[in-house]
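Undergrad: The structure is given below, and queries will be raised subsequently.
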Amino acid sequence: MRSNGNTSVTEFLFSGFPQFENGSFLFFIPLFFIYTFIVIGNLIVFFAVRMDTHLHNPMYNFISIFSFLEIWYTTATIPKMLSNLISKQRTISMIGCLLQMYFFHSLGNSEGILLTTMAIDRYIAICNPLRYPTIMTPRLCAQLSAGSCIFGFLVLLPEIAWISTLPFCGPNQIHQIFCDFEPVLRLACTDTSMILVEDVVHAMAIIFSVLVIAISYIRIITVILKIPSGEGRQKAFSTCAAHLGVFLMFYGSVSLMYLRFSAAFPPILDTAIALMFAVLAPFFNPIIYSLRNKDMKMAIKKLLCSQKILSTTAS
């Protein structure tokens, strides 16, 4: 609802799908397929790690937690996108919008922190292999995993609480395909200079994480290149390739979205960038982790074979 006078906006209208007015069902099918693949693919990775005792180590534990977060990260936005594609009203309530922003960005923050933790874990494993078992203990691994999630969810509470107090009494069209900070703040009937502060805070967090991960991998690559045997170098590179690929996709798309400050992109490019980090990056993550790792492929085969045997026995 839109307002006149002192009436507040109670719902927002998404206008990030201008090209979907006709034949939107054609976009619904591939998006539904991608979402189904993300959920099933990440569930397979999660359970493959949990059920294979050979993968009970810090590296695979972090991968399983990341896969679990990916399921909820995409669930925060994609189901609403799907309903918008087949609905004439493409609206979301004020509370629904705040919750979507909170869970999407909290889960994204948790993933970012976890990726940083994974880079540090690989740094210790390759650069200090003798000390690795004593440093990365199961207890520390559990603390880092839990800390990534807890901090990711707590850090956004003040921001969401502040946005919930802002008056919205004018236009209610969000020029995006899901609720995000910048397009929502632009609709507030108050001074929007805080948008710049928001951009700076987000940019600092992204740049800090990217620097930590980049420094870790530069050091890792330097150490790997010094390994005398070709087989040893290949093995070390293979353990890091998947992490590096996920890092580049995640932070590459996030940087395009949140490191542009006041720069305005054409609506279609804005939508494409949003789809890249909200849909496409999560789509490729289970593929990277399953296809680039022999141990993971064996664990997934074992999991699928055991499920097949159980279903055959039950029937």
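Keep in mind that glycine also has a Cβ here, set from the backbone N, Cα and C atoms.
Computed from a predicted structure; not experimentally measured.
Checked TrEMBL, it gives:
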type	residues	note
TRANSMEM	25-48	transmembrane segment
DOMAIN	41-289	domain 'G-protein coupled receptors family 1 profile'
TRANSMEM	60-82	transmembrane segment
TRANSMEM	102-120	transmembrane segment
TRANSMEM	140-163	transmembrane segment
TRANSMEM	200-225	transmembrane segment
TRANSMEM	237-259	transmembrane segment
TRANSMEM	271-291	transmembrane segment
Undergrad: When you look at the transmembrane segment (200-225) alongside the transmembrane segment (60-82), do they share 3+ Cβ pairs under 8 Å, ignoring any pair fewer than 6 residues apart in sequence?
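TA: Between the transmembrane segment (60-82) and the transmembrane segment (200-225), contact is absent.
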Undergrad: With pairs restricted to those 6 or more apart in sequence, evaluate whether the transmembrane segment (237-259) and the transmembrane segment (102-120) have 3+ C-beta pairs under 8 Å.
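TA: Result for the transmembrane segment (237-259) with the transmembrane segment (102-120) is yes.
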Undergrad: Suppose you look only at the domain 'G-protein coupled receptors family 1 profile' (41-289); what would the mean pLDDT be?
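TA: Across the domain 'G-protein coupled receptors family 1 profile' (41-289), the average pLDDT comes out at 86.
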Undergrad: Can you work out whether the transmembrane segment (102-120) touches the transmembrane segment (140-163), with the criterion being 3+ CB pairs under 8 Å where the paired residues are 6 or more apart along the chain?
TA: yes
Undergrad: With the transmembrane segment (271-291) as the reference, which stretch in 25-48, 140-163, 200-225 has the largest tally of C-beta pairs below 8 Å?
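TA: Checked against 25-48, 140-163, 200-225; highest Cβ contact count belongs to 25-48.
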